[in-house]
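What follows is a set of notes on a single structure, which appears directly below.
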Amino acid sequence: MMGALLWLSMAATRARNWKKFPLGYSVVFIIALISKMLASNVTLHKASIGDSIWAIILGCLLRNLIPFFIKSNSLPPWLKIAQQTEPYIAISLVLLCIDISVLRPLAPRALFVSWIDTPTLFMIVAYFGWKMLKIDTQTAIIMSGATFICGSSAAIALGSSMGVPHKTEMPIAIISIFTIPSIIALPYIAKRFDFSATVSGAWFGGCVDSTGAVIAAASIYGDKEAIDTSAVVKMMQNILIGPLSVLMAWAWSRYELKAAYKLEEELLRRSENLDDVTVQDNEHDNAIEDTNTPTVKRPRNTHALNKPKEKAYVLLWKRFPKFVLGFIITAILFNTTIDNNPETRSLVNSFCFYVSEWFSTLSFVSIGLGLQINEMKQNIRSLGKLITLYIIAQMVDIVVTCVLAWAAFVHM
C-alpha cells in the first residue's frame, strides 16, 4: 500500500523514470525489511543497534557494490527514482500525531527541558562549527540542528529549508552511528547517580537524537514512567522542527537575496568601470588615428544584470518545508476528530507511529544509497570535522539537558 501510494504520487507529478519506481522501491523496501528483522534480533537489540543503523549499512553496501556489476559509479535509473530520502522522512514527520491529551499534564516541564536550551545551543554550536572548525555554514547548521533537535528529521527539514538536501547524508550517517553510545550509557549513568524515573526520562528525551533512540534508552532504564516522560519531552522537542525550519527558510532566503544584490552591484560597478575604460581608449584612438589599437568592449551579457529580482516571499515559499503544513493538519485532525476514548486514541497513534517508523527506515536506506566510500576517503578531513562537531555538541547537550531535567522535575 505504501509503495502503491508513492507510485501514484510519482505518476501524478510525472517524475523522471516514474514507471521504474516499483522495481526500485521493492529493493529499498526489502532492505528496510531486512534491517527491521536484524534490529528485532534479541542479541542485537540488547546492543541497541537499531534498524536505522542496519538500513544505512546495507544501503551503503549495495551502493558500493553496484559499480562492480554495471561498470558505473552512478545509481541505475530504476534505483535512483526510489532513493527519495526527503519525501520518506517528510511523510514520517507528518504521521507523528501529537496527542494534546498526553502532552498536557507534563507540557510545562517538558517545554522547559526541550525549548529553553535547544534554539540557543543550536545557533551557538552551528556558529562554532563554521567559525572554529571551518565547516561550511549550511553543513554546520544541519549537523547542529540534527544533534539538538531530532536527528535525521531535523537534518532533512533544515537541508530543505536552505535548498541543500544533498548535504544531509553525511551528518545523518554520523548521528545514527554515534547515537548508540548514548543509548547504552545514559540509562546506566542515570541509575548510578540515582536519578528519578521522570528526571531520567526527561534527560533521555532532551539529549538523545531520534524518537526511536529515546524510547530505546528509556526502555534500557526499565521504568514505564521514564518511557512516558521521555516520549513527551521528545514530542515537545519535535514540534520545534516546524518553527525552526520556517525561520531558517526565511533567514536563508534573506541571506541569499542580500548576496545576490551585492553580486549585482559588484557586476554593475565593474561594468561601469569597463565603460570608462572604453571611452578613454576611444578618445585615445581618435587622437592618434590608429585603427589597429584594440579597445575594451562592454560585456555582452549585461542582460543578466537586468534580470528581474525574485521577491523575498517567493523565495521563502520555495524554501518553506511543506511538511510543516501536513504536520499541523495531521495534529489538528487527530485532536479534533478521533474519539476521546484513550484506547482508541492510543490505537490510532500507535498505528501512525508504526507507519511513520517504516518511512523513517526507508529514508535511512536512501541515505545509505547515497554514501560512496571512495568519496568519503577523499573527504576524510571534512568527515573528521563533522564528527568533532557532533561529539562537542552532544557532550554539551547531555550536560545542559541533565541540569534542566533535574531543575524541571525536582524543583518545579
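Glycine is no exception: its Cβ is also placed from the backbone N, Cα and C atoms.
Taken from TrEMBL, the feature transmembrane segment applies to 25-44, 53-70, 110-128, 140-158, 170-190, 202-221, 233-252, 320-338, 358-374, 386-409.
If one looks beyond the transmembrane segment (53-70) by at least 6 residues along the same chain, the residues whose Cβ comes under 8 Å of a Cβ in the stretch are 27-28, 31-32, 34-36, 38-39, 76, 79, 173, 176-177, 180, 361-362, 364-374. If you look at the transmembrane segment (170-190) against the transmembrane segment (386-409), you find at least three C-beta pairs under 8 angstroms, all six or more positions apart, and that counts as contact. Counting Cβ pairs under 8 Å that are 6 or more residues apart, the transmembrane segment (140-158) and the transmembrane segment (25-44) reach fewer than 3 and are not in contact. Only pairs six or more apart in sequence are counted, and the transmembrane segment (358-374) with the transmembrane segment (25-44) gives three or more Cβ pairs under 8 Å, enough to call it a contact. Sequence-distant contacts of the transmembrane segment (25-44) (same chain, six or more residues past either end, CB-CB distance under 8 Å): 2-3, 6-7, 50-55, 58-59, 62, 79, 82-83, 358, 361-362, 364-366, 368-369.
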